[in-house]
Amino acid sequence: MKSKIEKKLLSQHQLNAVAAGCLSRNYGRTFCSVVEGGESSSCPKAEDKTDQGEKFERTSKAEPYDIAIVGGGMVGMAFACALSRNPMTKHLTVAIIDNNPALGFKTSFKRSEIPDPRVSTVTPATISFFRDIGAWEYVLQQRHAYFDKMQVIFPFIGLGLHWVGYTRYNARDVGKECLGCVVENKVLHYSLLSSFQSGAELQWALYPARLSSMTVPSPRSVSSRIMSQLEDSPSGRFVKLDLSDGNTLHARLVVGADGSKSNVREMAALKSTQRSYSQSAIICTVEHAVENDCAWQRFLPSGPIALLPVGDRFSNVVWSMRPEEASAHKSMDGDDLAKAINRAMDDGHGPQPGSGVLGGYVERISSFTSWWGPSSSAAEPFRAPPRVTAVASERMVFPLSLMHAHDYVTRRVALVGDAAHTVHPLAGQGVNMGFGDASALAKVIAEGVSVGTDLGELTLLKRYEKERKAGNATMMAILDGFQKAFAVDAGPLNLLRAAAFHGAQYIPPLKRNIISYASGDQKWPLFS
Amino acid sequence: MALRWCLRGLALGRAIGSSSSRLQLQQSTNNALFSARSLPQALQWWRSRADAPLPPSSPLPLIHLPPPDESKHRGSAEGDPLTFSAFSSSVDEVEVAKFAAIADTWWDSDGPFKPLHSMNPTRLSFIRSALCRHFGRDPNCAKPLEGLKIVDVGCGGGILSEPLARMGAVVTGIDAVEKNIKIANLHAELDPVTSSIEYRCATAEKMAEEQQTFDAVISLEVIEHVSDPAGFCKSLGDLAVPDGAIVISTINRTIRSYAVTIVAAEYILGWLPKGTHQWSSFVTPEELVLIMQRASISVQEMAGFVYNPLTGEWSLSDDTSVNYVACGIKRNP
Ligand SMILES: Cc1cc2nc3c(=O)[nH]c(=O)nc-3n(C[C@H](O)[C@H](O)[C@H](O)COP(=O)(O)OP(=O)(O)OC[C@H]3O[C@@H](n4cnc5c(N)ncnc54)[C@H](O)[C@@H]3O)c2cc1C
Ligand SMILES: C[S@@+](CC[C@H](N)C(=O)[O-])C[C@H]1O[C@@H](n2cnc3c(N)ncnc32)[C@H](O)[C@@H]1O
């Protein structure tokens, strides 16, 4: 039997190597490494609170990390932030593994800069989570756009007819101030990093590398082979992570926040179901003559287009279409693209609501039905979206797909964010689901800490899965349903579904349900 | 004397008829026992238990069940739970052999110790709040037991010792079965946070003889497996410093506990190996309070653990009819 001392020496040796590796690859930050006889002592914090870029600290322990977070994207950083803000978890040792340079630099964004085309529509639930973890104040200092109105325009195709309907959502209907806030992804990420660095009591280290392999101890190895494990490495009970820069570390729990092509998911052999739509989304920032205050979405025969306010006179466009069309639009002349967007949002796809005979019929029904419904916006008139004057940013094209992991957890491994579920950007729910995961996992870990649980224990992690998976699956089913409902060639079903969706406009409880679900504060919507 | 009779009567599963013995019990029972329920409620509960018929000896014809009586005799049993046997060991050879046989499976959370694993968070949250209250610790931090010297008596594979160590306690785990101690050691050494736990193959009596003392003495799910609960309890008291805490959990002796722990857990669900528990050795909350008092421990808190079969989770409750836990304070000598 190896003595405890020998084991400690070994892991201390490993850690020294790790610290050295970090030091040699730091991104202009001060790493500080304290190793003393297996005991930890946190290194003095950088005093300068304003210069967060210099505030990375490193405390070594001759032990495995409590948690290794693979992927320091929005969801990974939100999770780290949530841990650092909870009195139960702020003492944990955390390794963040990601070579994304965004993690290394303090970036300040000038308001004069054109908004980045990568934006997220964050829900009120996400906003309150960001407040809890101290990140929202940083968002407020940057460009962001609250919106309290949403107008969805959709076609009725069928029976040889082609006309349009619309639904307007208003935050007032659900007693809320806003329906959401559109924020550039880089602003969300920067805010999370800032909050994490300013408030972190956590003992943590950044490994600017990729995960290249991961060894999870087999579930039975501890119980039945415990005797033979004697000669194994001291960390035979933990996950071993090999990084692209040659470092090796051990962790009690690995959190895979490494996006839709998650290596952690693959290496932990967690199965998933994928569905691709043979559609792509083109995204870009556009400019208007006036400020946009409403989120617009229009379902076109070729796919949905959304125009989201991003602040100042800019909007973000997310437009789904066939891949070949998307690449054509990507290389199109700027003015032509602006024209195409205007046509898609506004005209050229059938008559306006109310303008044709059938449109008038729809309006008659709506004024009739709105008598018995208290929904204030039901009777609100149709508004035309603001016209796009120019395309202001580069354009990006992404293939659309839906992916859901069958299990979010296995022993010592948990997936969060896009690693567990990827949705198409239709309803702006992608990253919100991820923030919900981060919040839930951090809470479950805090509960585990409070009763001394080993953080990698499957029963603990299963509680996180139980809390998140069903809700996420429902959300995905809704999005998938939307996608199918408004996809081309859906046949007569399309009319029925569109009518059902339109009906929601005039049945306030159902509509309220859709809004509260989309804004992230309801677990069970009426339909799935 | 009436008290003694009463307890014996209970041990034989006989209903208590005499109101005087009931009165006696009520008087001698520390009122703190009923902190979780009002006295009239408690009385009613007591009465309903007292009048209840014996569990049938074989409720399911297809399953051969042991009769819920004293017929299965125990190793060095003295018979009378109130007789102290300070010099004889409390180890029940038959019981201890059962644990030795399944020692490898301690850390298999789906194995025979599954109920203990699934109960762990709930019983630890009881211990956490009881000890924080008693020792004036802030429960809102990760290591509220920092520095407290705790002995886990009958630690088995260390299912409880390890979380206690993670909560900051300086833990000594003892068990009568050598193999358990081996497993506990091996498992704890795999993680630096738990490798400081000191495991020893010893009984509570042995430790008490050596005059070892601890801030808190914890013995969960053990007392129903020892030959002499009262003597065992006395040793637990001896291990605590004056004003130290003693936490004991066990299974009540009720019809429900027979149905749940023996019929369901051993015969229907197969969670526990058949014969794990002897219904007759179960101790009721009243008996436990009495024997604790006799060992200079005054009971401060008591709670029940209830299992929700739908969620598979346990929670704390005032229903002590099956699993329950008591926390007492060692009185100054
Ligand atoms: C076109 C488009 C529009 C969208 N619009 C919206 C919207 O409006 N609203 C919304 O809520 N969501 C939207 N989304 C979804 C949203 O962008 C994602 O849900 C979000 O980025 C997921 O965050 P994440 O942190 O889980 O993953 P990611 O942001 O993908 O981050 C993963 C991180 O892991 C790192 N990483 C990956 N592999 C490794 C490895 N092996 N080792 C180390 N590090 C690794 C990467 O460097 C990266 O930093 C949209 C997505 C697309 C494609
Ligand atoms: C049901 S297990 C409980 C284990 C542990 N306390 C828990 O709750 O997780 C009972 C344990 O008590 C031990 N044991 C039984 N009689 C004992 C005695 N007299 N002294 C010490 N340990 C004993 C057994 O070996 C077994 O490990």
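Yeah, the Cβs are placed from backbone N, Cα and C, and that goes for glycine too.
The region 'Disordered' annotation in TrEMBL covers B:57-79.
The compositional bias 'Pro residues' annotation in TrEMBL covers B:57-66.
The compositional bias 'Basic and acidic residues' annotation in TrEMBL covers B:67-77.
If you look up TrEMBL, you'll see B:R123, B:G154, B:D175, B:L220 marked as S-adenosyl-L-methionine binding site. Taking all protein chains in view, 28 other C-beta atoms sit within 10 angstroms of the C-beta of B:D175 (S-adenosyl-L-methionine binding site).
Summarising the environment of B:E224 (Mg(2+) binding site), the number of other Cβ atoms within 10 Å of its Cβ, over all protein chains shown, is 21. Positions annotated as Mg(2+) binding site by TrEMBL: B:E221, B:E224, B:H225.
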**Asked** Taking just the CA atoms, what is the gap between B:H225 (Mg(2+) binding site) and B:G154 (S-adenosyl-L-methionine binding site) in Å?
**Response** 10
**Prompt:** Which residues of the same chain, at least 6 positions away in sequence, have a Cβ lying under 8 Å from the Cβ of B:R123 (S-adenosyl-L-methionine binding site)?
**Reply:** B:L160, B:L220, B:S249, B:F305, B:W314, B:V325
**Prompt:** Long-range same-chain neighbours of B:E221 (Mg(2+) binding site), Cβ under 8 Å, sequence gap at least 6?
**Reply:** B:L116, B:G154, B:S249, B:T250, B:I251
**Asked** Applying the rule Cβ within 8 Å of the centroid of the Cβ atoms of B:E221, B:E224, B:H225, what extra residues of the same chain belong around the Mg(2+) site?
**Response** B:E95, B:G154, B:V222, B:I223, B:V226, B:T250, B:I251, B:H277, B:S281
**Complete:** Simplified to three states, DSSP reports B:H225 (Mg(2+) binding site) as helix
**Asked** Listed S-adenosyl-L-methionine-binding residues B:R123, B:G154, B:D175, B:L220 - what's their greatest C-alpha to C-alpha distance in Å?
**Response** 19
**Message:** Suppose we screen the binding-site residues B:R123, B:L220, B:E224 by Cβ distance to ligand 2 with a cut-off under 6 Å; which survive, in sequence order?
**Reply:** B:L220
